[in-house]
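S.K.: Below is a structure I'd like to ask you about.
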Amino acid sequence: MPMLQNVTILGATGTIGLNTLDVISRHPGRYRVFALTANSRVDELAELCLQHRPRYAVMLDSGAAEKLQQKLKGLETQVLSGLAALEEVAAHPEAHVVMAAIVGAAGLKPAMAAAYAGKRILLANKETLVMAGKLFMQAVEEGGATLLPIDSEHNAIFQVMPPARLSALADGGIRRILLTASGGPFRKSSFAELMAVTPAQALNHPNWVMGPKITIDSATLMNKGLEVIEAHWLFNAPADKIEVVVHPQSVIHSMVEYIDGSVLAQMGNPDMRTPIAYGLGYPERLKAGVNALDLFKVGRLDFEAPDTARFPCLRLAFDALRHGGTAPAILNAANEVAVDAFLNGNIGFQDIPRLIEAVLTAMDIEAVTSISQLIEVDALARAHALEWRQLEAC
C-alpha cells in the first residue's frame, strides 16, 4: 500500500482547492491534508479546517488570521499568517505534495519555495510560469522537484507526450502542440455585441465551473494566451510550435501532433477533478468521481481557428512570449488590473485588451534576472494600468 502523503493546498477555498479536497476525500488511506491556505475567506477556510483537520491553516491577511484563530479554538490546527507562512507550509519537510492553486501573482513565491524544497508540485497557478517561467523551471531542476501541470490543457499534453522532459520537441518526434480552447461564451458575438458585454454575462462560461478571474480570462481568450506561455516553459515549445484550436465542446483537452502524422489527444468530460487526480496519483490512475465520457451524447466535435481581431488578448500573449524577458510579467499584471476593473464596472469588456496593450507599449522590456526584479516590474505594470484606467474614466 502506498505511503500516506501529506498534502499542502495553497488556495484551498478556490475552485481548484475545493476540487482537490474532493479527490483527496475519496482516498482517505492515501492522502492527509497537511496545510490549507486562503487569502481572506475566513468562514470558508474555517469550515474546511473543521472538516479536514490540517496541521496548519494560513491566511495571507493577518486580520483574517486572527478571526480564523477564534473560530478554530480547541482545534489542534496552528493558524499562521503572511507570505512567509505560505512559503513555510509549501516547503515544510513533512509536506510531500503541494497543490499550487493561488490565483494571481501572490502564488509565485510559495510555488518557488516548494520547487527549491523538492516537492511534488501540482501546478495550477498560471502566473508562476507566465511571470517567472525561466526562474521557476530552474528552481524545479535545482531542487529536484517533480512538476505536474494541473491546467486541463497542459495536463492533457503531459499525458500524450513522451514521459521524459524534452530539451526540444523534435527530440520526441513532435511536430507541434495543439492547445484547445472552448472559445468562451462570446465565440460567435459581433464587435458591437462584445462592446456591450456585462460582467454577469462574461462570468457565465458554457462548459467549465471556475473562479471569476479565470472565467473572464476565458471569455477574452487571455486564459488561452497565458496557457501558450505556460506550454512554452513546460514543454520547451517555441511560439511557432504551439497552435490554438477553438473546440467548443471542451471534450478534447489538447493534442500533440507527431512527425509521422499521428495526433494524440486526451479526452474526457470537462471536470477539473480529472487532472487533479492524475497529478496526485501519477504515474497511477485514481478514481476522481468524474462521470464516464458518453461519446453518443457528445455527438460531434467541432474545431475552428481563433479570431484574434475580435479577441486580441490571444495575440498580445503570443507577442509577449516572442518578446520574452519581462514582457509576459507585464502582460499578466496589466491583465489582472484590467479584469478587476471590468468586474467592478470601471471599464468595458473590450477595454481589457486596450489597457493591456497600452501598458505593454509604455514599459521597457528587460531580461529576467531575479524574483525581486519581477515583483518590481509587476508593481510598475499595475501602476501604469491603474493610471490608464483613471485617465479613461475622466
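A Cβ is built for glycine as well, from the same backbone N, Cα and C atoms used for every other residue.
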S.K.: Going by Swiss-Prot, T13, G14, T15, I16, N125, E127 bind NADPH; tell me which of G184, G211, G225, G261 is listed for that site too.
M.R.: G211
S.K.: Among E76, E87, E227, which residue does Swiss-Prot name as a further Mn(2+) binder in the site formed by D151, E153?
M.R.: E227
S.K.: The 1-deoxy-D-xylulose 5-phosphate site in Swiss-Prot lists K126, S152, E153, H205, S218, N223, K224, E227. Which one of S182, S189, S190 belongs there according to the record?
M.R.: S182
S.K.: Could you tell me which of these binding-site residues, T13, T15, N223, has the greatest number of Cβ atoms within 10 Å of its own Cβ?
M.R.: N223
